[in-house]
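These come from TrEMBL:
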DOMAIN    6-150  domain 'Flavodoxin-like'
BINDING   12-17, 59-62, 97-106, ASP132  FMN binding site
DOMAIN    204-447  domain 'FAD-binding FR-type'
BINDING   ARG351, ARG383, SER384, PHE385, SER386, GLY417, LEU418, CYS419, SER420, TRP597  FAD binding site
BINDING   THR461, SER516, ARG517, LYS522, ILE523, TYR524, VAL525, GLN526  NADP(+) binding site
Amino acid sequence: MSAPKLLILYGSQTGTAQDTAERIGRQAQRRRMQVKAEALDSYNVANLISESLVVFVCSTTGQGDPPDNMKNFWRFVFRKSLPAGSLCRLDCAVLGLGDSSYPKFNFVAKKLHKRLMQLGASVLLPVGLADDQHDLGADGVIDPWLTSFWERAQALYPTPAGQSLISVDEPLPPRYVFRFLDDVTENRADRRRVPEPPISPSQTHTFPGRVVSNKRVTHASHFQDVRHIEFDITGSDIEFTAGDVVMMRPCNTPEDVEQFCQLLRLDPDRQFTLSPTNCDTGLYSVPARLAQPCTVRHLVESFLDIAAVPRRSFFELLATFATNELEREKLSEFNSAQGQDELHAYCNRPRRTALEVLTDFPHTTAELSVDYLLDLFPEIQPRSFSIASSLLAHPNRIQILLAVVHYKTKMHLPRKGLCSSWLASLDPTQGDVYVPLWVKKGSMKFPKDPYSPVIMVGPGTGVAPFRSALQERIAQGKTANVLYFGCRSQSKDFYCSSEWEEMEKAGQLTLFTAFSRDQEDKIYVQQRVQEQAELLWDLIANKNGYFYIAGNAKQMPTAVCDALKEGFQSQGGVSSAEADEMLVAMERAGRFQSETWS
C-alpha cells in the first residue's frame, strides 16, 4: 500500500499562512504521508480535479481581499462556467487566519469553503476560523482544528500497514543542505555596489531607491517619532497613482547579526551554496533572493527573520535538538496543549524575539545544525507603506510617512519595529543609502470625474494616501476636496500643516482638524464628522461624493462610520436601517472605501 498524498495550498500575505501550511506539512510527514505545500498561484489549478486530499490555508487582507499569491486562483475558482460537480472526487478542509477586530473577519476562508462545496468537494470538517484576538492567538483555534482534521483524514487515509508515526522528538530531514566553500570570503566592496536596476521592479527584482531625505516631523518632545522619508526612483520606470503602496524589505541590525553568528559559531564572511534535500521531487527550490554562492552575513542580515516573535513551529523544531534535560522539559511543555498559555506568556505577550529565545536556550542552540536555519527562521517579509506623494507634484520621487515602532514590555530592552527602526536609522547625509523597493496597486481608488467631491478621514499617519491624492487631484485641477485630520497636539504632531494651509488659501481644500489633547475634553475626527453632518449630506447625497477612511483599525473607523450614518439620519430623514443600507450601497459602488491596520 502506497503512502497517502496530501496537498497543502496556501494564500499568505505576511508569511503566517505559509508557516501554518508548512507546519501541517511536517505533521503529515510524521504520519508517513507524501506531502507538498505551495502557494495557490504557484499551483496549476487545473490539476485540482485529480487531487484526493487538499488543505487550503488562507489569510484575508485589506477589506476582505485574498492575499497576492492566491489572486489568480481566486479569479479562476469563482468562474461561473465551472461545472457544479467538478470537484466531486476531492476531500478537503479550509483553515482561515484572521483578526476579528476587522469587519470582514476571515472572509476569504468562509467564501472559499462555501465555493468548494458548490463545486462538489467533500469538506471534511467546518471551516477553521483562527483569530489573532484569541487569548492564545491563532493557535488557540488552529490546534483543536488540526486535531479534528487528523482524526477525519486518518480515518479516510490511514498510515500504510507496518509503518508507525515518526516521533515528535525526532527531527525531520532539513529542506536544504549547506555546502561551505573553502577559502572564499566576502569582498566587502561587493556589498556597497549598487545593483543594476531591472526593467520592471517587482518583489523578485527590486529597484534600489536612493534615500534623499529622512526627517522627523514630530516635535522632539513628542513620544512618537514619525518620519517623512523621500526616495529617488529616477530610471526605475516606476509609475503609481494615489492609493498605491510602496513595498520594502528591511534588514536585521548589525548587532543582531553579530550576536546570531556568535551563538551559532558561524563565520559571517564565509560563503556557501544551498541544495534542496529532495532534488528528485522538486518539492523545494532555492529561494530566488539568495544568490549562489551566498555569504552567511547576507543570509542573516537580509533573509532570516531572527528579530521576529517566533511562531509555534519554531519551538516544535527547536525541541527536537534539545539534549539538556531542563531545556528539553521546558520546550516540551511549550509544545504541549497544556503549555500554550505559558508559551504565550513567555513569547507572545512580551514580544520576545527568536534571537532572544536562542539566548535563553544556550545548550539547545549549541546543538543546532546549520542545515536547519531555513526551517527554523522564516524569510523576512516585505512591509507596505501608503505612498504619501504624487508623481505629478514630485517627479521621480516616492515619499512616505513612517511611525517608528518603539514600545516597552516586561523585557529589559524596548521592543522595536524591524522595518521602521531600520528606515529611521538611514542617514543620507553620511553618504548614499539605497533601499530595495517596488510598488504595487493599493486598494483605494479615487474618482476620475473632476466634479465628484472627495471626503477623506485620515488621522495620524493615515493621512499619507490622502496627501498623495490631494497632490494628484490638485495637479489635475480637481478642487472639491475635504480632509479630516486628527492628532494629539497641533504643535507636536500636526503633519504637513503648512501644505494644508497653502491648499486652503488656494481654495483647493476644506480642512477640519481634531487635536485630542489640546483641551480638557478630548476631540476626535468622528466628532468633527458629526458636526459637519449638513455639509457631508450635501456632498454625498446631492453631489455624488466619495468617502474614504485610513488609519488605525481599533475604534476610529467604526466611530467615523457611526457618525456618518447619524448624519444620514439627521439630515436625510432616513431610518437607522436605511442609513446602514446607504453605506453598504456606497461601498458596493466604490464611493465608500477604507484602508485600516492594527
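Along the chain as shown, the residues are counted starting at 1.
Cβ atoms are placed via backbone N, Cα and C, with glycine included.
Annotated features, which come from TrEMBL, shown on the structure.
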{"residue": "SER12", "record": "FMN binding site", "contacts (Cβ under 8 Å, 6+ apart)": "GLN18, ASP19, ALA21, ALA39, VAL57, CYS58, SER59, PRO67, ASN69"}
{"residue": "TYR102", "record": "FMN binding site", "contacts (Cβ under 8 Å, 6+ apart)": "THR60, ALA553, THR596, SER598"}
{"residue": "SER386", "record": "FAD binding site", "contacts (Cβ under 8 Å, 6+ apart)": "GLY243, VAL245, ILE400, LEU401, GLY442, ALA464, PRO465, SER468, ALA550, GLU595"}
{"residue": "LEU418", "record": "FAD binding site", "contacts (Cβ under 8 Å, 6+ apart)": "PRO250, ASN252, ASP305, ALA307, ALA308, ILE380"}
{"residue": "SER420", "record": "FAD binding site", "contacts (Cβ under 8 Å, 6+ apart)": "LEU402, ALA403, VAL404, VAL405"}
{"residue": "SER516", "record": "NADP(+) binding site", "contacts (Cβ under 8 Å, 6+ apart)": "GLY486, CYS487, ARG488, LYS522, ILE523, TYR524"}
{"residue": "ARG517", "record": "NADP(+) binding site", "contacts (Cβ under 8 Å, 6+ apart)": "ARG488, SER489"}
{"residue": "VAL525", "record": "NADP(+) binding site", "contacts (Cβ under 8 Å, 6+ apart)": "VAL457, PRO459, TYR484, PHE485, GLY486, PHE512, ALA514, MET556, VAL560"}
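In sequence order, SER443, GLU595 constitute the residues six or more apart from GLY62 (FMN binding site) in its chain with CB-CB distances below 8 Å. For the pair ARG351 (FAD binding site) and THR461 (NADP(+) binding site), the C-alpha distance works out to 24 angstrom. With THR461 (NADP(+) binding site) as the anchor, the candidate binding-site residues are GLY15, ASP99, PHE105, SER384, and the one with the nearest CA is SER384. Rounded to a whole value, the Cα-Cα separation of PHE105 (FMN binding site) and GLN526 (NADP(+) binding site) is 23 Å. Of all Cα pairs drawn from THR461, SER516, ARG517, LYS522, ILE523, TYR524, VAL525, GLN526, which the record names as binding NADP(+), the longest spans 19 Å.
In terms of DSSP helix, strand and coil, the domain 'Flavodoxin-like' (6-150) has 58 helix, 35 strand, 52 coil.
Pairwise Cα distances among ARG351, ARG383, SER384, PHE385, SER386, GLY417, LEU418, CYS419, SER420, TRP597, the recorded FAD-binding residues, top out at 26 Å. Across the structure, ASP99 (FMN binding site) and SER384 (FAD binding site) are spaced 18 Å apart at their Cα atoms. The two recorded residues, GLN526 (NADP(+) binding site) and SER384 (FAD binding site), show a Cα separation of 26 Å. Taking CA atoms as the reference points, GLY15 (FMN binding site) and SER384 (FAD binding site) are 14 Å apart.
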